[in-house]
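Chemist: Input: one structure, supplied below.
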Amino acid sequence: MFVKLCGILAFAVTYASSDCLQCICKKESECKPVGCNDDVGSLSCGYYQIKLSYYKDCGQPGKRAGESVEAAWRRCSDELDCASTCVQSYYNRYKKQCAGTGQGACEIMARNHNGGPRGCKKSATLGYWNGIKGLGCS
């Protein structure tokens, strides 16, 4: 029974994260490959407006042999599957920082996406989270 319950909970978290990814994508770019934009002194690129440091933290998905990290970041950010993999990997890497906050998977994903590894604990990310909830995610 315990194993079955764990499987159901794992499916629910994955499903919530998939819906949440769509809401974050919509909030950041209307889910379009928008290229790079200046964002508080550094560039944010693509579907999820990913910064270079975030791309490095998410494990540099899609980086090709011989490709510079910067070129891979710009390209990956404008490819929906690659960018989604990056956001999901970033969430998986830093979600443990939010243990004990009582926040659901989507709130953790959204607030960390907006505010960095401990974004779930920053009051500055509450407005972003409210915007995600306004898109129908929770």
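In case you wondered, yes, glycine gets a Cβ from its N, Cα and C as well.
Okay, so Swiss-Prot annotates it like this:
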- 1-18: signal peptide (SIGNAL)
- 19-138: domain 'I-type lysozyme' (DOMAIN)
- Cys20-Cys106: disulfide bond (DISULFID)
- Cys25-Cys31: disulfide bond (DISULFID)
- Glu28: active site, proton donor (ACT_SITE)
- Cys36-Cys45: disulfide bond (DISULFID)
- Asp39: active site, nucleophile (ACT_SITE)
- Lys51, Leu52, Ser53, Tyr54, Tyr55, Lys56, Asp57, Tyr90, His113, Asn114, Gly115: substrate binding site (BINDING)
- Cys58-Cys86: disulfide bond (DISULFID)
- Cys76-Cys82: disulfide bond (DISULFID)
- Cys98-Cys120: disulfide bond (DISULFID)
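Give me the local environment of each listed feature.
Modeler: Mapped onto three states, the DSSP output places Cys106 (disulfide bond) in helix.
For Cys25 (disulfide bond), other Cβ atoms within 10 Å of its Cβ number 21.
Sequence-distant neighbours of Glu28 (active site, proton donor): residues of the same chain at least 6 apart with a C-beta under 8 Å from its C-beta are Tyr47, Tyr48, Gln49.
The number of other CB atoms found within 10 A of the CB of Cys45 (disulfide bond), across every protein chain shown, is 25.
Within its own chain, Asp39 (active site, nucleophile) has Gln49, Lys51 as residues 6 or more apart in sequence whose C-beta sits under 8 angstroms from its own.
Neighbour count (other Cβ atoms within 10 Å of the Cβ, all protein chains): 18 for Gly115 (substrate binding site).
Under a cutoff of 8 A between CB atoms, and with a sequence separation of 6+ in the same chain, the neighbours of Cys86 (disulfide bond) are Tyr48, Ile50, Tyr54, Tyr55, Cys58, Gly59, Pro61, Cys76, Ser77.
Cys82 (disulfide bond) counts 20 other C-beta atoms within 10 Å of its own C-beta, drawing on all protein chains shown.
All protein chains shown were included, and the count of other CB atoms within 10 Å of the CB of Cys98 (disulfide bond) stands at 21.
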Chemist: Measuring Cα to Cα, how many angstrom lie between Cys82 (disulfide bond) and Ser53 (substrate binding site)?
Modeler: 16
Chemist: Could you say whether, by DSSP, Cys58 (disulfide bond) belongs to a helix, a strand or a coil region?
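Modeler: Looking at the DSSP assignment, Cys58 (disulfide bond) belongs to neither helix nor strand, so coil.
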